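Asks: Checked TrEMBL, it gives:
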| type | residues | note |
| --- | --- | --- |
| ACT_SITE | A:GLU437 | active site, proton acceptor |
| BINDING | A:THR154, A:GLY193 | FAD binding site |
| DOMAIN | A:32-148 | domain 'Acyl-coenzyme A oxidase N-terminal' |
| DOMAIN | A:290-452 | domain 'Acyl-CoA oxidase C-alpha1' |
| DOMAIN | A:495-674 | domain 'Acyl-CoA oxidase C-terminal' |
Amino acid sequence: MDSPVHRVSLGDTWSRRVHPDIASERFIQSFSVEQLTNILDGGAQNTALRRKVESIIHSDPEFSVKDNYFMTQNERYVAAVQKKFHLQIIAKRLGWSENSPELYYAYRALSGELALGLHTVFLKSLQSLGSEEQIAKWTLLCNEFRIIASYAQTELGHGTNLRGLETEATYDAATQEFVVHSPTLTATKWWPGDLGRSATHTLVQAQLICSGARQGMHAFIVPIRSLRDHTPLPGVTVGDIGPKMDYDHTDHGFLRLDHVRIPRENMLSRFAQVLPDGTYVKLGTQQTNYFSMVVVRVELLLGEIIPLLQKACVIAIRYSTIRRQSSIQPSDPEAKILDYQTQQQKLLPQLATAYAFHFLASNLLEFLHSSYDAIRNKDFSHLPELHALSAGIKAMTSDLCLQGSELCRRACGGHGYSKLSGLPSLVTRVTASCTYEGDNTVLYLQTARFLVKNFLQAHAIPGSTQKSLPPSVAYLTAPYLARCPAQKAADFLHPKLYTTAWAHVAARLIKESAHHLETLMQSGADWDKAWNQTTVIHLQTAKAHCYYISVKSFTETLEKLENKPAVQQVLKRLCDLYALHSILTNAADFLHDGFLSGAQVDAMRTGYLELLGLIRKDAILLTDAFDFTDPSLNSALGCYDGNVYERLFHWAQKSPTNTQGNPAYEKYLRPLLQSWKSKL
Amino acid sequence: MNQDLRREREAASFNPELLTHVLDGSPENTRRRREIENLILNDPDFQHEDLNFLTRSQRYEVAVRKSANMVKKMREFGIADPKEIMWFKKIHLVNFVEPVGLNFSMFIPTLLNQGTTAQQEKWLHSSQGLQIIGTYAQTEMGHGTHLRGLETTATYDPETQKFILNSPTVTSIKWWPGGLGKTSNHAIVLAQLITKGKCYGLHAFIVPIREIGTHKPLPGITVGDIGPKFGYDEMDNGYLKMDNYRIPRENMLMKYAQVKPDGTYVKPVSNKLTYGTMVFVRSFLVGVAARSLSKACTIAIRYSAVRHQSEIKPGEPEPQILDFQTQQYKLFPLLATAYAFQFVGAYVKETYHRINEGIGQGDLSELPELHALVAGLKAFTSWTTNAAIEACRMACGGHGYSHCSGLPNIYVTFTPTCTFEGENTVMMLQTARFLMKSYDQVHSGKLVGGMVSYLNDLPTQRIQPRQVAVWPTVVDIDSPDSLTEAYKLRAARLVEIAAKNLQNEAIQRESKEVAWNLTSVDLVQASEAHCHYVAVKLFSEKLLKIQDKSVHAVLRNLCLLYCLYGISQKAGDFLQGSIMTESQITQVNQRIKELLTAIRPDAVALVDAFDFQDVTLGSVLGRYDGNVYENLFEWAKKSPLNKSEVHESYYKYLKPLQSKL
């Protein structure tokens, strides 16, 4: 069986034939893979465009990421700068504009191995926080790469708590300048991407001080390197923060500012201004500063985090059809490891999660798009809900993508430990997402705060509840259901049933959260202290709410597929598996108030285990549907053609440890061996 | 010293030194361990650059240098006791990786276990003196945990009295053995023995792979490094392909099975003994899990006492993040787990030594249970530790992602434990096999002993006379003993469910093996519950042996936290089995929060008691003196990317980018 043209581009000899063990998996197609790919891409025209961009990227040797695993941190940074440079030239030639789908697909094809990523984050923050005049001026400079900009928020001693940042911007009315300064060691900006070696300018988040008053966090554009020779400007100490688990291609940096002066116009002023005389004018609410963070968080989901889990699933599941080990019955040949129930139980729920999150993030992105313009025009009515959703979903997605990709890695046994499998890099990238753009625990608690507030509000004004609740928490006023009606295993395979089950648990936990809080407050604690003493339950509450949202969003996606019954059927199984898996791993929450009985949980488990066997048959097709190219997977284990072992052997031989001699032998082993010889 | 840490240490309710003695086994052990540590720390030959700034080849080179030095120094210092060797290496190697190590940990022991006296005479001296450097090559590219699937062949040729070794397929290439890629010149190779046209299964052969003097691969041998990995940069895990490669008949290890010069195969008497090495390595890994998790906890807890963030109340100064309930809830159950695993590790080691003495006298009766228990405990502790180290790393926020924290290294060095020396799922299923066997035994009316004796008390089987007393109705959540009983009930219940499901499937499928596969998720769950019970039991029993009152009090809190946190995580099991009620689970959750508050003042002292030197931790965040930020800044300045003020890539790409567009 031949591979479709768009699949194979590694150009090695084996890819001409597909390994029979994976070819047989594609023999019977119970649904159209292409149709599912189109759904994931958001339309057939997108699929076509994506493949066009991929073929441009992968046919160009300058974009090869083959040697990535053999490179040092420095080499990977240089390679990423080189690729970014090359991509800009191509983009210019082909007319791909900043923010175009073409550049998005190029980023995907290159698995993000590009420098200057923060340039885009800068532009997005500028869009959200800058005045029209500022947007016009700086966007032009950025687009033409006359400057290279980054975004500097986190400090050495301060992260997720924005208000704790120490960097100061003091307005000097005499010269109409801000004096930007790092007053302590812990105020050193630490972690911003592109800052270490690349950026000429950065957007600094700092405490605004004007007319002697502290006005909280604001964003300032600060030039840091000379546009002539790239040396740090006077008063600026800047460098790279050293080796990390991954992201070697990004020069995360530190920045210390010693009374650096910038013009008044460099403060972004869509929502707040400082007039020439030092008068502070507020044009928005406290929350506006969070708006750009919300945008970044939402776009990260599909742009960075979720594809990492999808790729991990592709690699692990393809490998599990090639790898044979032991036999299920003594007389049989060794079985594909995907035929073991324990292997299915590891991998297939991850696959279901990868699909669930794709639809969850797509729906959230749609919500963001529909409220984006309103918020920029200072209508903040959707912002609290958007903020709460984006915080909780980012936390849940990154948590479970990390768990899932690490599970996939270990499900590949020893070979999953080799970088050539591609899996360690996926894990180390996804793991960063659990702490960047807001630590997950803190984010969950922000969601919980929103939930508890809405609950308390709804109950403070009886009668008016229905109207005032945002759609994502409307279930708080849904009719109460004391017991789950399902009896047999098959009864559990109904979207309405398990969505209601999650709504029940989420509502119960929100109520409990509020109850715990109020009890403590009645015994004399103030809100803040009571909050800290009850955070463990709030975490549980926020997670339950996010599960509910994700299950609901998957089922809503299914409803839209009435006209594609075959695809709908296979996705429905994944949706069932996702929902049942999530309930079973949190079974205690459902047993707690008797909503589910022990016997019901057992029945559900039976249904769940049966689903594994059903999805097993379509597993390879479901991974194919993500339509990742071989170069973007960059995995010896996960290529479309399944020629795992040949490729692993071939790639290993190219390792510098094999091609560059062995100085350690000459220096240490030889004398060690000789020293004993001479004594004998 | 950092003010926060000083305050923490002054306020502790117990003397950590006494707890260190408990962990080491005796004050004398603590003294000797420190003496050895100081020998190394004061030795200029062992100084080296921070590994984080080196390339893989450089890291390998440092490791070989240290590996080579170590051999000489251990002789010099007169260190020969296995425990002392372990201490020596622990402090000496931050990542505990040594390319020459396989010579001592696998090559020589295998030679001793499986070689004849003549073979030992021939090779033992030269491998102990490092005239030859050996390794052990078992795993192949396509075959791991399932030994019988290995493909490498050794075909006997009676004419020349030689074995002809072959790697017949790509999948048969030996893959992963440590020290094989670049370091070793000999390997013990596991291969399918074929003589007189018949295959006799796996046997071990001593194979020279590189030429003495030049270190070049011998003709017929293809050998090299398998390339970059998640961690273990210092180790040259290798591949080995053999093409009609001939070795003398005497190179087959023949203590048990033999091939006569004419090709006649002589069967071994018993092959149970080969268990021994595996059991030893796995029991050692339980200890590794305990130490790795202890390190991670030390770093995360010290850093959480130094780091300040956010406000609990607006307007107040930022508190230590260790004061946030969520941070305590993340870290203290892991700290409790680290202590639990320390005691499990000590127990497994003692048991191994005890049983090993029995084996020496020909008593193999306890081996099956030990083998089953150690397999499960290796999987249980390594899975838990794997997730826990990662949780500690994330509890340090962004800085945990930097190599300055030391946590990424601890993680990537530890995580292979889940897959090597027996993949964890397979290990759990081995334990399950023993549990099922024990269950059947009880079912047929015979009592079982040891850790599985609770199966005698199952209500459906109950062959004990004193029925009423065995099933307590109320669990006392303040009593470790009562909680141990609750875990016992959970294990008994899940073993029984797995056994019944297995029987049902077997009736439906008419094949025991298919039934086994279709029940394997339940079986793994049963094994996990069994191991969890064992861990809880060992921790509770340890409390009885602690004499100092203040140490006892703090360990008791940790033990309770370990028990209760596990119940809260697996509350579904306890509810479903009617072992506890909903209101008890609510009490458990409440009690956990009280314990967090109780442990909080002693948290730093509890990690100090692990007594890791800063060098061993390899972490800027976990420094004993708590001077985190100053040292973080100094560390970053040493990064290779900071060597020049303007990076080369500026001239090559950034400047042209600015002008060309």
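In case you wondered, yes, glycine gets a Cβ from its N, Cα and C as well.
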Asks: Give me the count of other Cβ atoms within 10 A of the Cβ belonging to A:THR154 (FAD binding site).
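Replies: A 10 Å sphere around the Cβ of A:THR154 (FAD binding site) contains 22 other Cβ atoms.
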Asks: Taking CB atoms only, which of the recorded positions A:THR154, A:GLY193, A:GLU437 fall under 8 A from chain B?
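Replies: The recorded positions close to chain B are A:THR154.
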Asks: Do you know offhand how many angstrom separate A:GLY193 (FAD binding site) and A:GLU437 (active site, proton acceptor) by C-alpha?
Replies: 12
Asks: If you average per-residue pLDDT over the domain 'Acyl-CoA oxidase C-terminal' (A:495-674), what number do you get?
Replies: 94
Asks: Tally of helix, strand and coil residues over the domain 'Acyl-coenzyme A oxidase N-terminal' (A:32-148) according to DSSP?
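Replies: Helix, strand and coil residues of the domain 'Acyl-coenzyme A oxidase N-terminal' (A:32-148) number 85 helix, 0 strand, 32 coil.
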Asks: How big is the Cα-to-Cα gap, in Å, between A:GLU437 (active site, proton acceptor) and A:THR154 (FAD binding site)?
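Replies: With the alpha carbons as reference points, the distance is 10 Å.
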Asks: Would you count the other CB atoms within 10 A of the CB of the residue listed as 'active site, proton acceptor', including those on all shown protein chains?
Replies: 24
Asks: Determine, from DSSP, whether A:THR154 (FAD binding site) sits in helix, strand or coil.
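Replies: In three-state terms, A:THR154 (FAD binding site) counts as coil.
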Asks: For A:GLU437 (active site, proton acceptor), what is the secondary structure by DSSP, using just helix, strand and coil?
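Replies: It is coil.
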Asks: Taking 10 A as the limit, how many CB atoms besides its own sit near the CB of A:GLY193 (FAD binding site)?
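Replies: There are 23 of them.
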